[in-house]
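Relevant sequence annotations retrieved from TrEMBL are reproduced here:
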| type | residues | note |
| --- | --- | --- |
| ACT_SITE | Lys33 | active site, proton acceptor |
| ACT_SITE | Tyr261 | active site, proton acceptor |
| BINDING | Arg131, Met309 | substrate binding site |
| DOMAIN | 240-368 | domain 'Alanine racemase C-terminal' |
| MOD_RES | Lys33 | N6-(pyridoxal phosphate)lysine |
Amino acid sequence: MWQAEVRIDLDAIRDNVALLRARTTAEVMAVVKGDGYGHGMLPSARAALAGGATWLGVATLEEGLALRRAGFEVPVLAWLHSPGQPLHEGVAAGIDLNAGSLELLGELVTAARRAERTARVHLKLDTGLSRGGATPAEWPALLEAAAKAQADGDIEVVGVWSHFVYADEPGHETIDHQLAVFAEGLATAERFGIAPRYRHIANSAATLTRPDSHYDLVRPGIAVYGLSPVAGETFGLRPAMTARARVALTKRVPAGQGVSYGHTYFTERETTLALVPLGYADGVPRAASNAGPVQLGGRRRTVAGRVCMDQIVLDVGDDPVVSGDVATLFGPGDDGGPTADDWAEVVGTINYEIVTRFGSTRVPRVYDGGAA
């Protein structure tokens, strides 16, 4: 019998992608970086493709190579490269690679020559996020170098792209500003003879709220897994992850009993404590001490005391909770139980971090549905 598990609904992932696909005329790149946001990169990728995605997006070269080794033949974009990475392996595997600087473009040219294959490149313009990509001032020089490398046969500029700062806040003034900078960047690219097949800037939030940003390709990430990128909106998405565990032990304790390390929680009366075998080694944020919501015995509870490495404690009063009962930390919330958004709110983070934490630990993932 299982002790703790993270269940992944692959049909939910498939259906979420189908929902996103129905909202755009552009192609869909399902972002599966970070081990599919904790849901498992390979099963999530299969489910996303079943839902209508035609591209896969990852952060690192190794993630892209893992997709190729697993037999995925669809276009894959990998975008985060430190100097000295074996980019020639990515070129040889037909992985699309990002170039947001002259230095990186030079490495891609070298990689293409080593692989004896034209590199598929996406040039990144920094439209305001101040992360990867060439600034507008650097953009013309990058375009000039890319045009020469393309003429020499070393690269093919497949895409030009950027990333939003505030798309999760629809109506934020930076969205229109970034779109204007991106449009100008595309116009400048054309003047250098670069007319990419794919222009892309839309993330999950923009895919759902800004059709004018879709261009040729959208790149949803968190929405693929059923979590909304916009506070207060669900968009019909279905969360795919449920984290739960079986109660390991219950015990009666008197009023005034301190609970867990540091005794930051004291019982107000004689009560039953339930020990749940999930802790910060399993993704439970320690900041959820005395705050994290858990569904047990048909009621919402709150973590009593500090979160430990391997376990948390719940004060269940006089309710008839026994060892083996299932405690759900979060899931779709259909039954009124906690969601990843609830956990994010109590610890001051985002739903992305919650699912990525829980899905990337020693707790086994169990897959439901036939999408993969």
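Just so you know, the numbers here start at 1 and follow the chain as drawn.
Heads up, the Cβ atoms here are built off N, Cα and C, so glycines get one too.
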By a simple count, how many Cβ atoms lie within 10 Å of the Cβ of Tyr261 (active site, proton acceptor), its own Cβ left out?
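Its Cβ shell of radius 10 Å holds 11 other Cβ atoms.
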Highest CB neighbour count within 10 A among the recorded positions Lys33, Arg131?
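By the 10 Å Cβ neighbour count, Lys33 comes out on top.
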Measuring Cα to Cα, how many Å separate Met309 (substrate binding site) from Tyr261 (active site, proton acceptor)?
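That comes out at 11 Å between the alpha carbons.
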Just how many other Cβ atoms lie inside 10 Å of the Cβ on Met309 (substrate binding site)?
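Around Met309 (substrate binding site), other Cβ atoms within 10 Å: 10.
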Using DSSP, what's the helix, strand and coil tally for the domain 'Alanine racemase C-terminal' (240-368)?
25 helix, 45 strand, 59 coil
What's the CA-CA gap between Tyr261 (active site, proton acceptor) and Arg131 (substrate binding site) in angstrom, rounded?
40
Where Arg131 (substrate binding site) and Lys33 (active site, proton acceptor) are concerned, what is their Cα separation in Å, rounded?
17
Should Lys33 (active site, proton acceptor) be counted as helix, strand, or coil on the basis of DSSP?
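Its secondary structure by DSSP: helix.
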I'm checking region-level scores; what's the whole-number mean pLDDT for the domain 'Alanine racemase C-terminal' (240-368)?
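Mean pLDDT for the domain 'Alanine racemase C-terminal' (240-368): 97.
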